[in-house]
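**Student:** Input: one structure, supplied below.
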Amino acid sequence: MAAQINPSILSADFARLADEAKAVEGADWLHVDVMDNHFVPNLTLGVPVVESLARATDTPLDCHLMIEAPDRWAPQYVEAGAGSVTFHAEAAAAPVRLAREIRAKGARASMALKPATPVEPYEDLLPELDMLLIMTVEPGFGGQAFLDIMLPKIRRTRELIKKHGLELWLQVDGGVSAATIERCADAGADVFVAGSAVYGASDPAEAVRALRTQADAATAEASWSCDH
């Protein structure tokens, strides 16, 4: 699969969200961080903004719910127009049931793991998902430095995906930039959330293209992709 670049609107100008969404319409998805000031120490946006964004852009929305009680709230984001909804393993009461509900409503189901959360306990759950998100920073704020210590976790996750023959996307989020994306791709990631690396650039659309080119080149050389 070609690398997917998902610009994060957490790094966009919130007063110009519709314009900021249009500025990256060559992107694969638009990553929307939803924070409730409980699961993470920050407050961002909710269902009404997702509804507005869905009307304002043709780019599908990839909603990352950094919230408590995602079992209750996640289905509302599908109804609001999200094409993919990510809940946190650490917050979900019944992750399999929730993933199935998200899928039944017509969106891709994704689960996120904080840096300290290992992937191995969730191995049997992976077939229920369309994507797994490995956080490469502590969730809650944009602009943080990439955690290199997450690279072995990305590799282990890719190995599990191959072991079970899954068509599971592997997303990374946090500190992804021109300086780090190749390492992520080499480790096994194929979906990349980029915030300030895109919206901090003078030409966000060109930044998306450049990141995708970098990731594709690294993937082509990666050992995990050789038998694809």
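Glycine is no exception: its Cβ is also placed from the backbone N, Cα and C atoms.
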**Student:** Among His64, His88, which residue shares the substrate site with Ser8, Gly140, Phe141, Gly142, Gly143, Asp173, Gly174, Gly175, Gly195, Ser196 according to Swiss-Prot?
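**Tutor:** Looking through His64, His88, the residue Swiss-Prot assigns to the substrate site is His64.
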**Student:** So for His31 (divalent metal cation binding site), how many other CB atoms are inside 10 Å of its CB?
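**Tutor:** So the number of other Cβ atoms within 10 Å of His31 (divalent metal cation binding site) is 28.
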**Student:** Select one residue from Ser8, Ser196: among these binding-site residues, choose the one with the most other Cβ atoms within 10 Å of its Cβ.
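**Tutor:** Ranked by Cβ atoms within 10 Å, first place goes to Ser8.
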**Student:** Whose Cβ, among the binding-site residues Gly140, Gly142, Gly175, has more other Cβ atoms within 10 Å than any of the rest?
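**Tutor:** Max Cβ neighbours within 10 Å, all protein chains included: Gly175.
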**Student:** Quick one: pull the CA-CA distance for Gly142 (substrate binding site) versus Asp33 (divalent metal cation binding site), whole Å only.
**Tutor:** 10
**Student:** Would you mind reading off the Cα separation of Ser196 (substrate binding site) from His31 (divalent metal cation binding site), to the nearest angstrom?
**Tutor:** 12
